[in-house]
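The structure appears right after this line, and notes come after that.
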Amino acid sequence: MLNGTTLEAAMLFHGISGGHIQGIMEEMERRSKTEARLAKGTQLNGRDAGMPPLSPEKPALCAGCGGKISDRYYLLAVDKQWHLRCLKCCECKLALESELTCFAKDGSIYCKEDYYRRFSVQRCARCHLGISASEMVMRARDSVYHLSCFTCSTCNKTLTTGDHFGMKDSLVYCRAHFETLLQGEYPPQLSYTELAAKSGGLALPYFNGTGTVQKGRPRKRKSPALGVDIVNYNSGCNENEADHLDRDQQPYPPSQKTKRMRTSFKHHQLRTMKSYFAINHNPDAKDLKQLAQKTGLTKRVLQVWFQNARAKFRRNLLRQENGGVDKADGTSLPAPPSADSGALTPPGTATTLTDLTNPTVTVVTTVTSNMDSHESGSPSQTTLTNLF
């Protein structure tokens, strides 16, 4: 006996044989099942993938409280399921259900702030605490500091962008205390290059001022020897002493009283410079270049030396014009040779720098009131070297 559906189909298709009716009914049933499966799949795809519904066959366990999750939605973090209320920071107990990120370490859950505070890679070189990724910092060489920790180790003065500072053993010093530290460790007469070499290459980024202006040492004068009495233009120094040279840069600012750096000359350097000064008081750039090659000194050092020599020469001329008596020892100084008293070298002889190192040099002697020149190869006679 046919059921109700079959009877209804038979009445609708009364003109069709029974075999055809049975095939049509099976096809309709197959299509209805297919449509039901498609509708179920569409409903599943429309749900939130981040918070999937629980399967009624196997309920999940919460990784926080350990209980079953019967809620429609749950959280998935660190490959584990969590109740919405159970996912929180283990330090500050902040609920992380609405946070964009969370961090896990050794099975514990942390918020962003607590994770960086405890496990941050960057640490302040002063307080050794962690530095978060969103925090403003100060960098010096390879060290990183909090803004509040970037202070002078001596006076705790806060250093900001643009301030001058120095570093020693990872400690930060303000400009004044860093200079005091260097003055206490190294003698003040050391040059900047020597000081930088001994201090392990400490860089002083603020040394950009000009040199200090200080008076030189009291001048010493040599008594006349071997019957020669001539104005000594360089009476303040001899071959064994060091001349003072003003430098463009000093290791300390002009506000502090420090000794001027000194440059020492060797015997052959002084002989060459003094011999040329007797010929030309103001060498030009070409002569300075030749002198630099001859002596191994820089053009700047040579310029300063000739400048100092000209100043000393003028002082001696003024002293002689004012009375011709040296106040230091009371010696009478003769007048310098005038322009018409004769040249130091024969008129036909051109003096070059190569002549300055020749053992046969021009000798200046005093005969009555005239200045004569003659050639001498004897080392016992007075040469230009002996005059200074």
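Each residue, glycine too, has its Cβ placed from N, Cα and C.
For reference, Swiss-Prot has these:
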type: DNA_BIND; residues: 267-326; note: DNA-binding region
type: COMPBIAS; residues: 376-388; note: compositional bias 'Polar residues'
type: DOMAIN; residues: 69-130; note: domain 'LIM zinc-binding 1'
type: DOMAIN; residues: 131-193; note: domain 'LIM zinc-binding 2'
type: REGION; residues: 239-263; note: region 'Disordered'
type: REGION; residues: 321-356; note: region 'Disordered'
type: REGION; residues: 369-388; note: region 'Disordered'
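Residue counts for the DNA-binding region (267-326) under DSSP, helix first, then strand, then coil, are 47 helix, 1 strand, 12 coil. Mean pLDDT for the DNA-binding region (267-326) in this predicted model: 87.
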